[in-house]
Amino acid sequence: MSGSTSPPPTVEAVGTEGCFPPGYKPFKPEEHGLERGFRCKVPQEALLKLLAGLEPDRADGTGKAGDQASEFGQQLPGPRLGIGMDSAVIPLRHGGLSLVQTTDFFYPLVEDPYMMGRIACANVLSDLYAMGITECDNMLMLLSVSQKMNEKDRERVMPLMIRGFRDAAEEGGTSVTGGQTVINPWIIVGGVASVVCQPNEFIMPDGAVPGDVLVLTKPLGTRVAVNAYLWIDQPEKWNKIKLVVTKEEVIEAYQEAMFSMATLNRTAAGLMHKYQAHAATDVTGFGLLGHANNLARQQQNEVAFVIHNLPIIAKMAAISKACGNLFNLLQGTSAETSGGLLVCLPREQAAKFCSEMKNLSSGAGGQGAVGGAWIIGIVEKGDRHARIIDKPRIIEVPPRGSQAANQENSSTSPDPSVS
């Protein structure tokens, strides 16, 4: 899969209809036995037990899950990060360099195969960006072609998905040099991202201190948005939410979710260095609280994360409530795909980080959700856990292009994301 020599289109330049060939019927995950926004991750606690067997044991037999250094690894100086976080960090034999590597894949979320490819690539790269890494040396693509698709649809859908993945990789300054393709009952798309870098190029996710501020760089609610969009054509489900949202608002939220998921977290990764971030992770399949807990457990200091604010795509909180908290959105466990970075920043730097994120987002034609980043909580002394307060403040994030978003962008009032 060689890269194109022409500049890749920006997310905003890609219309959802323009990506479909003439006569193409949009791919619908539900026709292949999949729920949109389907939680394909193994439950977090079960996953950690399964992965414990990959951890190296000590030579004296006293090793246990969580020990990171084998005898060979001990001979190599440099930071090391193994099972349980966004990327693996492995010291190399050559001059103090480290290999940082990650992989991820999932089922389709949106109808547009081109955008699905972009989302899959952005999701893979996000694990590197969560380490403050802005450059990727190489990517591989993993693609599973559904055996339930006829040959005509395969020939139309798969090239678009590959093109979307490739274009997002090029936007991130890297290229796709290979991968693996198989036949499977379901479409699965993802990849591998690798970079060799020096210690000053990445930020280990373990340096949070009491007094730090928690910042989130994308709004929550993508899973709710893609499912609500599906429910427009399902009267029994639409009737549950029609009193709190209009079809136009659901369509706008779906478009916002799609463009948000396809947006790279590269800008935030660069600003992590500028504003001395102490730790970060990306918010994906375990939800905000799941990933916050995972990050808290990684910290060297005895700290706890307390979340007070939840930036959510407009109307998605109301939909979640109307469904009897079906998605657990306000509880912080609703799955996200290619979500934002959750960053621990020094208190004096957090507002400036958010302000520059907003300015850069506006300068990129609205790339990233309106506002760019939000202060959502604090770091305090504690037992390495995260929690959301009983009644968090809901920040309604208007979809780009909506009337509310246009009013917010033209407002000269202080930025609510840094209050």
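Here the Cβ of each residue, glycine as well, is placed from N, Cα and C on the backbone.
Curation plays no part in TrEMBL annotations; they are all automatic predictions.
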Region 'Disordered' per TrEMBL - which of 18-37, 58-77: 58-77
Three-state composition of the domain 'PurM-like N-terminal' (85-189), taking helix and strand from DSSP: 38 helix, 33 strand, 34 coil
Within the predicted model, mean pLDDT of the domain 'PurM-like C-terminal' (210-387): 94
